[in-house]
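Scroll down for the structure; my scribbles are underneath it.
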Amino acid sequence: MAMIDEPLYPIAVLIDELKNEDIQLRLNSIRRLSTIARALGEERTRKELIPFLSENNDDDDEVLLAMAEELGVFIPYVGGLEYANVLLPPLETLCTVEETCVRDKSVESLCRIGAQMREHDVVEYFIPLVKRLAAGEWFTARVSSCGLFHIAYPSAPEALKTELRTIYRQLCQDDMPMVRRSAATNLGKFAATVEAAHLKAEIMSIFEELTNDDQDSVRLLAVEGCGALGKLLEPQDCVAHILPVIVNFSQDKSWRVRYMVANQLYELCEAVGPEPTRSDVVPAYVRLLRDNEAEVRIAAAGKVTKICRILNPELAIQHILPCVKELSADSSQHVRSALATVIMGMAPVLGKDATIEQLLPIFLSLLKDEFPDVRLNIISKLDQVNQVIGIDLLSQSLLPAIVELAEDRHWRVRLAIIEYIPLLASQLGVGFFDDKLGALCMQWLKDKVYSIRDAAANNVKRLAEEFGPDWAMQHIVPQVLDMINNPHYLYRMTILHAVSLLAPVMGPEITCSKLLPVVINASKDRVPNIKFNVAKVLQSLIPIVDQSVVEKTIHPCLVELSEDPDVDVRFFASQALQSSGQVMMSS
């Protein structure tokens, strides 16, 4: 009897747990649906489990969300594509619930299932579902339906296609703004499946209606679709239908719409081609750069380099550069920061003369900005200017600003500069680095803030990697090792840390001849913190140096440290001795 009852057990557990008051038990049960379906078999899953789930639609949102997600990958458990349609009813119900994230997940799962369904099944089951949702009495169903049209449309016969286009137009004119928003959001996806003839005749008129909507949230989403629609149209149609809308929107009364226009403008320029961009888009873009809302100026400033690349240098200098000068002194630090992120990219577009005359003064004013992020955004992109105006001119104008930042009273600014030093070194070359920046790197090793000293030690290692061990041996290692005699123990600890980082880069020979003796000497230090750091460094050197060095030099030093009066020194020394013992045993 027990054998017969066993297959019933999983569904009984599921039903019990789904009705349990504890939400966690219900959630666990839903997340085990695939296991339960496998235990039940395909036929019982179709006939018992799925109908049960269809009825169980008034649960907590978290449970419903998990159910919507599980059902999206359930096709193999109901018998494959042949029976995929049985999954549609529970998801259709979930598409009508109030919670947005449940509806979105249900639409996502329906799209996944619909994309795999056989064509005649789509016509027989999926398209009627879309039509039922689109005619739903409650707005949530109509909102969900908008995200399914791009799956339903390609498989529909001609008469149904006409009906689907008509229904979509009705959704775009719905009384509820939420439905119109959803229709505007999904218009690009739906348009991509519609035939070219209908695209111009019907979809573009739908788009124009949405762009004239009285709700700014709908217009906003219509603008977002401009780029996608522009890519589907021929350039001349794009100029006729989409360009006037964008130009009009750049003066919209809602700043959110103008913000979205600023974000989408470059994609539109790509769609319409260079000529209309010059005549129509540039004036609209200039308006956005001078917008009275900081958020709009931020979005527009972030696109300045991309727009300049489409234009010729004369137009960029004539129209865009005056705005860039204004933005570099903008009252909002976030606008200046957005500009600093991209302004360097204008140098290759404008060419050497215009960069020196017009852009360099702007760079320098941004480098002296009171807001650290603005200064750092400029420094991180210097290679683009270096390629255009050459290292000599750049170093003359740039070096004072870097030195100023390197000594900034905010330690986070100093930290960010240190992180850019290897990048600067690679961009500006070894000669420039030796003359101008070498002393700064040594100075940071003696900073009052630990994070700066730690970053400076990493910086020394990255410079050795960049310029090679020979250069490091000449320019870095002697100065670093000299600091081991600093009277303050914290600075001596920083040097030990730098030695442990440099050793793998410098190789075994230099490590044995130059770095190891300094570490061994430091083991005689009177401060316990130094001594246990010596033990750690020696442990890190064991894999790098030859075995004979471990036996003759490192091991005796560690034995001595393991007998130190300080408990921490003994602990780290004994750990390091285990490593050295393993190396000596393996020989």
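Every residue, even glycine, has its Cβ placed from backbone N, Cα and C.
Marked as repeat 'HEAT' by TrEMBL: 10-48 (among others).
Here TrEMBL flags 164-202 (among others) as repeat 'HEAT'. Regional average pLDDT for the repeat 'HEAT' (164-202) in the model is 80.
Annotated repeat 'HEAT' per TrEMBL: 203-241 (among others), in sequence order. Below 8 angstroms of C-beta separation, residues 165, 168-169, 172-173, 177, 180-181, 183-185, 187-192, 194, 248-249, 252-254, 256-257, 260-261, 264, 267-268, 270-273, 276 of the same chain, each at least six residues beyond the ends of the repeat 'HEAT' (203-241), sit close to that stretch.
Among the features that TrEMBL reports, repeat 'HEAT' is placed at 242-280 (among others).
Residue counts for the repeat 'HEAT' (281-319) under DSSP (helix as H, G, I; strand as E, B; rest coil) come to 31 helix, 0 strand, 8 coil. The repeat 'HEAT' feature in TrEMBL is assigned to 281-319 (among others).
According to TrEMBL, the feature repeat 'HEAT' maps to 320-358 (among others).
The annotation repeat 'HEAT' is assigned in TrEMBL to 359-397 (among others).
Annotation source TrEMBL lists repeat 'HEAT' at 398-436 (among others).
The list of residues near the repeat 'HEAT' (476-514) in space but at least 6 beyond its ends in sequence, with Cβ under 8 angstroms from a Cβ of it, reads 438, 441-442, 445-446, 450, 453-454, 456-458, 460-461, 463-465, 469, 521-522, 525, 527, 529-530, 533-534, 536-537, 540-541, 544-546, 549. According to TrEMBL, the repeat 'HEAT' annotation covers 476-514 (among others).
The DSSP breakdown of the repeat 'HEAT' (515-553) into helical (H, G, I), extended (E, B) and coil residues amounts to 29 helix, 0 strand, 10 coil. Sequence annotations record features per position, and here TrEMBL assigns repeat 'HEAT' to 515-553 (among others).
Sequence annotations record features per position, and here TrEMBL assigns repeat 'HEAT' to 554-587 (among others). Outside the repeat 'HEAT' (554-587) by six or more residues, the chain places 516, 520, 523, 528, 531-532, 534-536, 538-539, 541-542, 545, 547 with a CB less than 8 A from a CB of the stretch.
Secondary structure by DSSP for the repeat 'HEAT' (398-436): 35 helix, 0 strand, 4 coil. Sequence-distant neighbours of the repeat 'HEAT' (515-553) (same chain, 6+ residues past either end, Cβ-Cβ under 8 Å): 477, 481, 484, 489, 492-493, 495-497, 499-500, 502-504, 506-508, 560-561, 564, 566, 568-569, 571-573, 575-576, 579-580, 583-584, 587. Only residues 6 or more beyond the boundaries of the repeat 'HEAT' (398-436), in the same chain, are considered here, and those with a CB under 8 A from a CB of the stretch are 364, 367-368, 372, 375-376, 379-380, 382-383, 386, 391, 443-444, 447, 449, 451-452, 455-456, 459, 462-463, 465-467, 471, 475.
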